[in-house]
Every structure is written in structure tokens, then in C-alpha cells.
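A.B. asks: For reference, the structure I am asking about is given below.
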Amino acid sequence: MTTDRAPRVAMLSVHTSPLDQPGTGDAGGMNVYVLELAHALAARGARVEVFTRATRSDVPETVVLDGVDAAGRALTADDARDVLLAHDVPPGVTPPVLVHHVPAGPFEALDKNDLPGVLCGMAAGVLRSEAARRPGWYDVVHSHYWLSGQVGAIAAQRWEVPLVHTAHTLAKVKNASLGPGDSAEPSVRVVGEEQVVADADALVASTPVEARELVELYGADPARVHVVEPGVDLERFRPGGPGARDEARRRLGLPTDRPVVLFAGRVQPLKAPDVLVQAVGVLRASGRPVPLLVVLGGPSGRPTAVRELRALAVTLGVDDDVVVRPPAPRDELVSWYRAADLVAMPSRSESFGLVAVEAQASGTPVLAADVGGLRTVVEDDVSGRLVPGHDPQVWAEVIADALADAPRRARWAAGARQVAERYAWTTAADQVLKVYAVAAEPR
């Protein structure tokens, strides 16, 4: 990789587009990660092109995002094209990020277990894109999730450039943390991950926990594993002023006279929203104050997941205490965090936990399962609580204790913002650029 200019990056996100709405289907924290990292790298002069599988026939072949000239004005289409094709990015210019929708398989969303069958088509589409450029155009391939890693290994070998891989989640970790009704990850994924770990010139882990899992469970060379903590948009996600909570609740149609606990994420066994519904049931049965539980998310995996969660609430007699809303756009999400007294994450596995960081940046304490990356991003009794296990009785006690102690919640809220301020995309981008440079060195 040349060192006299910022790199040209082929970023792969095969199974989900960074433009998709997080919180339903396969869209989640990884979508946010890819998009935010791409923008942060572009702000440092890198030219980033994201390749994702086209799931509809009516999506544009290429979407051009942002791009700013030296005076801070948005680039015109012609200027954006000139910047993308130039040898060097002019000083003060932020190049646009491109998102390419690659036809591979049917124009529809596919279950992740069916996606290995379209990887050859995806690889061919990525290689065709490079063929339209000058030879040696890309400097590095950065793949996200194991499916992208399979395509990335082919592209990196063909272009003779380094492969950097971010797993986001790992099958062996998930299979050790299955919840009721959850399905084990197939062996094809386990083998695929092992191949990518062996092929990659550098592996990016979000936390020291994930780095250790890559080494201990997948035999990764510790020298090739780099911990780069993701960032959070600290301008978008920040505490409101006096009265912000009630204002957010009125805007969102939530009561102002009742505690609110928020779950934001996909409705699936891995995220365990059922634990929170059962915890509300425990509180209702015990006669203690019961918060309103807001589940902000859509189904992932089973289309019936939301209906099943509502049915559980009815069975437990807490259907009036549980509200399910669809995923919120990014600009609206901060209002949901501000509206909540607590954000709860009873996940059975999390490689990082972006929701926890966003909530803390918004000044909202987090109750998180004591698992994976959540142990890193939530500081126990500083920005919330780390809750052992997934027993609804335990979660009910922790929720009740937190809601009954307003001074402690106020202390947590202040600590939450301080914890979140450690996570900045600018820092993450700088560290990833260093990883790209290291990956280009001979092994």
C-alpha cells in the first residue's frame, strides 16, 4: 500500500447494507459501524467504497454519500467524480463515500444461512468494479462479518492487497450463549470464520474480550489482532437540558408520570427482550411499582418474533405494561434514549454493544448483561449496572432498585456521558488507518 496518500478502501458488507434501518432483520449495530467508520475515514482523506448485496431491483447501482469541498460546501456530482478518480485528494476536501449495490442472487432479502450460495456472484461483482478502475486502484480490502471475509479473501488475493477483517460476531461465541428458541450457528459459518481468520493480514476486534476470543477460539496470531474500539456520534447523542425527558416523552407519546425502561434492538433470542417482559411480570405479580417497558425494534430471524413477545406479555398479564414500537431513525433515536429512565440490554452475547454507548452518550444509565463487550462499555455502578445472568427475577430486582433510587440514577447519568466520551469515531478511524498500514507490511 502506498504511503504518500490516504488509502483507497474496498469495504465489504455483503449481508446487510449500511443504508438499511438498524433494528430489524439483519440490520443492527454493524450497519452503523460500517457507515460511521467509512465517513470518519473519508474525513481523513481516504476514498471508501462499500460493497453490499442488492436486495431490490430498484436500488441505485451506486449511492454517493456526502463529500465536502475545502470551503465546507457539499461536492457537486461532477466534483465528487473528479475527487474519486484523482491520484491525490485536494487539501481540505472530504471525499464522498460510495455504496455499491451488487447483484448477487435474487433481488430479495435472504436468510443469512442461504447467503453462502451467492458469494461467488458477489465476488464477481466486486472484481468487476475494480476492473473498471485503473490497475492497482484499491490499497486495502476491509471486510465485515464472515460472509464478507470470504469475498474479501478472493478480492485481496486477486488485487494483491492486504485483507483486514472485522468479525463483529463469532459463531463459536454465539453457540456457547444460546437462549431458549435460538438456533445454533451452522458449521459452514464456523469453518468460514476459521478460514477468514487464517487468511486475513489483520483482524480488528472491538474489545479486548473479542481479541482474546479470536486467539483462544480461532487460533488467531495475537500479533495480527488489533483492538479498535468503535465510536459514537457524540454530537447527535448527547444529554438534553432541563425538561428534556418530559419533552421527549410528549413527542413520542409516552406517559410523563411513570418510569420508562427502554430496550432498543432486534427482537430475537440473542438480544433476550423476553427476559425484560418476564421481569416486568415479576414486578407486577409482587405488587411493586411497574415501569413501562418500551421495546424499540423489529423481528430478526423469525417473522413472528414480535407477535410472540406480545403474546408473552398477555400471558403474564402485563400487556398494558409493554409497548412495542418499530425501529427509530437515527435522528429520532436520541429522543427515545432521553425519554427513558433506564436502557436495558439483557443480551446473551454482544461483541461490543453500540446501543449501550449511544444511550450513555445521551445521559441515560444502562443495565446490561455481564457478557462480552458490554463488560467493557458499561462501568458497573458508574454508568449503570452489569447484571449477572438472565434470570428475570434478578433483572426485576435490579430494575426495581434502580428506579427506587433517584440520586443513584442521577450519578449514573453523569457517569454515563463521561464513559461514552471515550468512544469517538475520529479516534477509531486513526487507529484503523494504522492497522491498514501494518497489514500491508510483509508477514
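From the backbone N, Cα and C atoms, a Cβ is placed for every residue, glycine too.
Feature table excerpt (Swiss-Prot):
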BINDING   HIS15, ASP26, ALA27, GLY28, GLY29, MET30, ASN31, LYS112, TYR145, THR169, ARG189  1D-myo-inositol 3-phosphate binding site
BINDING   GLN21, PRO22, GLY29, ARG266, LYS271, GLU350, GLU358  UDP-N-acetyl-alpha-D-glucosamine binding site
BINDING   TYR337, ARG338, ALA340, THR364  Mg(2+) binding site
A.B. asks: Of GLY29, ASN31, ALA340, THR364, which binding-site residues are close to PRO22 (UDP-N-acetyl-alpha-D-glucosamine binding site), meaning a Cα within 10 Å of its Cα?
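C.D. replies: Qualifying among GLY29, ASN31, ALA340, THR364: GLY29, ASN31.
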A.B. asks: Near the Cβ of ARG189 (1D-myo-inositol 3-phosphate binding site), how many other Cβ atoms are there if near means within 10 Å?
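C.D. replies: Result for ARG189 (1D-myo-inositol 3-phosphate binding site): 22 neighbouring Cβ atoms inside 10 Å.
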A.B. asks: I need the nearest neighbour of TYR145 (1D-myo-inositol 3-phosphate binding site) among the binding-site residues ARG266, TYR337, ARG338, GLU358, using C-alpha distances.
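C.D. replies: Answer for the nearest of the binding-site residues: ARG266.
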A.B. asks: Taking Cα atoms as reference points, which of the binding-site residues HIS15, TYR337, ALA340 is nearest to GLN21 (UDP-N-acetyl-alpha-D-glucosamine binding site)?
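C.D. replies: Nearest in space to GLN21 (UDP-N-acetyl-alpha-D-glucosamine binding site), counting only the binding-site residues, is HIS15.
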A.B. asks: I'd like to confirm something. Which of the binding-site residues, HIS15, GLY29, ASN31, ARG189, ARG338, has a Cα closest to the Cα of GLU350 (UDP-N-acetyl-alpha-D-glucosamine binding site)?
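C.D. replies: Among HIS15, GLY29, ASN31, ARG189, ARG338, GLY29.
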A.B. asks: Among the binding-site residues GLY29, ASN31, ARG189, ARG266, LYS271, GLU358, report those whose Cα falls within 10 Å of that of TYR337 (Mg(2+) binding site); none is a fine answer.
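C.D. replies: Correct set: GLU358.
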A.B. asks: List which of the binding-site residues LYS271, ARG338, GLU358, THR364 have their Cα within 10 Å of the Cα of ARG189 (1D-myo-inositol 3-phosphate binding site), in sequence order.
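C.D. replies: Of everything listed, nothing lies within 10 Å of ARG189 (1D-myo-inositol 3-phosphate binding site) (Cα to Cα).
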A.B. asks: Taking only the binding-site residues HIS15, GLY29, ARG338, ALA340, which one has a CA atom nearest to the CA atom of ARG266 (UDP-N-acetyl-alpha-D-glucosamine binding site)?
C.D. replies: GLY29
A.B. asks: Going by Cα-Cα distance, pick out whichever of the binding-site residues ARG338, ALA340, GLU358, THR364 is nearest to ASN31 (1D-myo-inositol 3-phosphate binding site).
C.D. replies: GLU358
A.B. asks: Give me the CA-CA distance between THR364 (Mg(2+) binding site) and LYS271 (UDP-N-acetyl-alpha-D-glucosamine binding site), in Å, as a whole number.
C.D. replies: 19
A.B. asks: List, in sequence order, the same-chain residues at least six positions removed whose CB sits under 8 Å from that of HIS15 (1D-myo-inositol 3-phosphate binding site)?
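C.D. replies: Listed in sequence order, they are ASP26, ARG53, LYS112, LEU115, TYR145, LEU147, SER148.
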